[in-house]
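Novice: Just dropping this structure here.
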């Protein structure tokens with residue numbers, strides 16, 4: 001290229017020299033271009049005349065050096081002209097090299113491009129509409145955002161780039177990934193270079209599309225992708241929760257099984273040493289559930305808290321328990337059922353229900369609220385519909401430091417009138433519950449009396465019902481602070497606590513204060529208030545009350561001492577009573593059931609459960625041959641009438657084989673699409689039920705205990721009720737039956753003979769039924785009349801004459817159609833009238849129907865007999881009008897359909913339905929096992945009740961003996 005450039009420069013110099021333009025001059029040497037300076041010194045003859053000519057070929061060149069310019073040819077104008085032209089050409093070259101430098105080109109392009117961009121921006125700006133008129137649409141606060149938002153503060157809050165880089169995981173090298181993709185793309189294009197390849201076409205296709213079309217297509221595809229993604233996400237979420245639900249149901253079912261299988265004998269738990277009061281409370285819990293004729297559960301000591309509604313019973317009990325554990329209401333009945341509270345000393349202040357493992361921390365207000373709510377729920381749950389109170393006992397244990405050991409029962413408060421919303425018998429029910437507990441001769445009655453009301457105005461004093469001696473009653477006067485303020489005569493309080501006002505004597509008299517009446521008061525504040533009141537009270541200061549008769553602390557100590565004294569005096573006597581009860585029950589069992597084990601209701605249920613499951617398992621032992629035989633037989637019994645009456649007989653009335661086959665195909669198709677699959681599944685379901693019942697009946701005969709009959713019958717009925725046949729079975733069965741009925745090719749002679757035999761048996765059965773109907777219509781013949789002394793009725797005589805006349809008509813016209821013409825009916829009626837027989841046309845047609853049916857069946861049997869040797873003609877497709885056996889082919893198709901259907905149903909039964917039925921039986925047994933009421937209803941009898949009583953009495957006696965032993969050790 002340098003040579004070409006030099007040639008261009010020489011041509012330019014020659015042109016300039018030829019025109020004799022310019023003046024000879026020399027520029028300073030120090031300002032020459034280095035290349036020009038080198039050329040100037042090298043080829044200046046006057047300065048260096050002795051230097052030999054330069055040989056460019058011998059010089060070493062590098063990529064950074066410039067090639068030397070060739071010396072121009074000498075001009076014919078002499079030495080001076082040549083020198084002038086040489087200097088002129090170097091000046092022009094220097095000027096061109098300065099002007100054509102790259103930085104000037106780039107700078108000029110940038111200036112021009114910026115100017116063009118500015119013009120374009122101004123043009124676009126002028127094209128936009130003026131939106132200043134719509135500034136009112138934007139709220140004012142938008143314009144003030146820049147003043148309210150402190151960007152510097154926000155930037156300081158945001159983390160630095162180094163901190164974010166520490167938090168982020170190591171990112172991949174995107175530069176390397178880009179280089180790899182570029183390299184892969186170059187390989188693909190290189191490999192596909194010879195022609196218009198698919199890769200090239202795929203890469204160039206988007207370029208040919210218009211931007212508008214591509215934007216629309218991209219928008220459509222993006223919206224569709226979003227919808228698809230949302231649907232997939234919804235399905236994934238639904239499947240996720242479905243799996244979670246199935247897992248929870250499975251876990252719940254497994255836990256139910258564990259609970260059902262858990263009993264005291266099966267799972268050996270570690271024995272935990274229980275306290276004395278816990279052992280005694282456990283005996284009382286068992287007694288509360290034990291309902292026997294001996295009524296011994298009421299003879300063990302306990303403290304019964306009785307009194308009027310809102311007298312402060314619950315408050316006194318809470319002060320003894322040192323926690324606000326009961327739900328409260330202003331004047332409303334809150335205690336709706338008896339609550340047995342077992343108090344004992346422990347390191348932590350906690351409460352727990354008998355049938356629950358949850359501990360309520362009484363030091364936390366949240367647990368206290370939850371405990372009160374749980375007690376209220378249990379009370380409302382125990383109350384039956386239409387009632388206000390319930391006799392069912394709620395068992396609760398409270399442990400804590402400084403709590404006296406005893407068992408208290410809080411009873412519903414006695415009311416004087418029944419208010420709105422209460423049951424009509426609420427007053428009597430409450431009195432009955434209180435009386436039932438107080439009749440226990442060993443019960444300690446804690447009688448609560450409101451001290452703020454007049455003693456004579458008290459509605460009920462249940463403690464008086466136990467006799468004037470009051471040897472089991474402890475009298476408690478509450479709200480003494482209000483009584484001191486309201487009563488003008490303090491001596492009345494002294495008379496009450498000394499037992500002089502009421503006509504009874506009690507074990508002790510106490511006066512307590514249970515707060516100021518606020519529901520939010522804590523136990524500690526109530527205690528402080530009570531102590532402050534009695535310290536400053538005039539009643540105690542003046543000697544009207546003794547120090548040991550005041551405060552709930554003294555009350556709890558006295559009640560506890562009295563309770564344990566009563567327990568020590570009576571518990572051994574009660575243990576002897578239970579021992580006698582056990583002896584009586586065991587004697588009754590030995591005399592009535594000497595060879596039977598003592599199984600209670602739960603044990604009997606487990607035994608019956610195993611027997612039922614064994615009976616269900618026996619269904620899987622039924623042979624396939626037996627299943628298919630009974631299925632085929634029952635299915636044909638169900639569909640035979642439809643096949644004969646609606647398919648075969650109408651098609652047989654046609655005159656040629658083509659019409660016969662067409663009619664048969666149409667009716668078979670309609671039958672298969674609508675009725676046949678339903679009938680087949682009904683038959684299969686009934687067969688499964690019958691086999692299940694048959695196996696249970698057979699198992700029952702083998703020394704079966706009849707006590708399980710009601711349970712087994714209920715399990716069978718409920719399992720069959722829950723069982724639903726597989727929905728997909730009908731569709732597959734319809735296709736199989738349709739394909740079986742479409743086949744007309746009888747391949748061998750045995751199949752042909754089997755079809756003929758099937759047809760003969762079917763037609764003979766129909767002929768027998770028809771003869772029976774005709775005999776009933778016409779009455780007994782002469783032989784039966786003479787031998788059996790039977791006569792015909794007038795109607796039978798008329799039908800007999802009609803039959804004779806119609807038989808003569810059939811003999812004359814053997815190929816008669818199935819229906820009589822009107823003129824034929826008239827002719828028969830006229831002939832009968834000529835013999836003195838009056839007959840109705842409807843009777844003639846009815847008789848004709850049965851006679852023609854018998855005539856047709858007889859002809860069909862004769863034709864069937866002729867077709868025995870027709871298999872050869874059928875196989876060779878001979879056309880013989882006298883031997884067309886299309887009806888044999890029809891019965892072969894029906895028979896084959898029955899065989900295939902029976903086989904299919906048998907597979908569904910053995911592979912699926914028997915297992916599903918077994919699963920249903922297990923679920924029903926599990927549900928029955930959880931329902932105690934249903935078990936009581938299904939497993940009944942004196943034997944069961946006697947075993948239940950024996951088990952309970954033994955358990956009570958064992959626990960009482962263990963309690964007595966621990967009580968003696970404590971002494």
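Placed from the backbone N, Cα and C atoms, the Cβ positions cover glycine too.
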Novice: Of the ranges 325-328, 329-332, 333-336, which one does Swiss-Prot list as region 'G2 motif'?
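Specialist: Matching range for region 'G2 motif': 333-336.
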Novice: With Swiss-Prot as the source, identify the stretch among 78-124, 125-171, 219-265 annotated coiled coil.
Specialist: 219-265
Novice: According to Swiss-Prot, 335, 410 bind Mg(2+); identify which of 314, 388, 429, 473 is listed for that same site.
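Specialist: Of the residues offered, the record points to 314.
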Novice: Which is it, of 771-781, 782-792, 793-803, that Swiss-Prot names as intramembrane segment?
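Specialist: It is 782-792 that Swiss-Prot describes as intramembrane segment.
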Novice: Go through 313, 479, our binding-site residues, and report the one whose Cβ sees the most other Cβ atoms within 10 Å.
Specialist: 313
Novice: By a simple count of other Cβ atoms within 10 Å, which of 310, 315, the binding-site residues in the record, is least packed?
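Specialist: With the binding-site residues 310, 315, fewest surrounding Cβ atoms within 10 Å: 310.
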Novice: Test of understanding: give the count of other CB atoms lying within 10 angstroms of the CB of residue 410 (Mg(2+) binding site).
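Specialist: Other Cβ atoms found within 10 Å: 25.
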Novice: DSSP three-state call for residue 314 (Mg(2+) binding site): helix, strand or coil?
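Specialist: Helix, per DSSP.
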Novice: Rounded to the nearest angstrom, how far is the Cα of residue 410 (Mg(2+) binding site) from the Cα of residue 315 (GTP binding site)?
Specialist: 11
Novice: Have a look at the binding-site residues 314, 335, 410 and say which one has the shortest Cα distance to residue 514 (GTP binding site).
Specialist: 314
Novice: What does DSSP assign residue 335 (Mg(2+) binding site), in three states?
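Specialist: Assignment for residue 335 (Mg(2+) binding site) reads coil.
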Novice: Ten-angstrom check, please: count other Cβ atoms within 10 Å of the Cβ of residue 335 (Mg(2+) binding site), all chains counted.
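Specialist: Taking all protein chains shown, residue 335 (Mg(2+) binding site) has 23 Cβ neighbours within 10 Å.
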Novice: Sorted by position, what residues of the same chain at least six away from residue 314 (Mg(2+) binding site) have a C-beta under 8 A from it?
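Specialist: Spatial neighbours, sequence-distant, of residue 314 (Mg(2+) binding site): 326, 328, 334, 335, 410.
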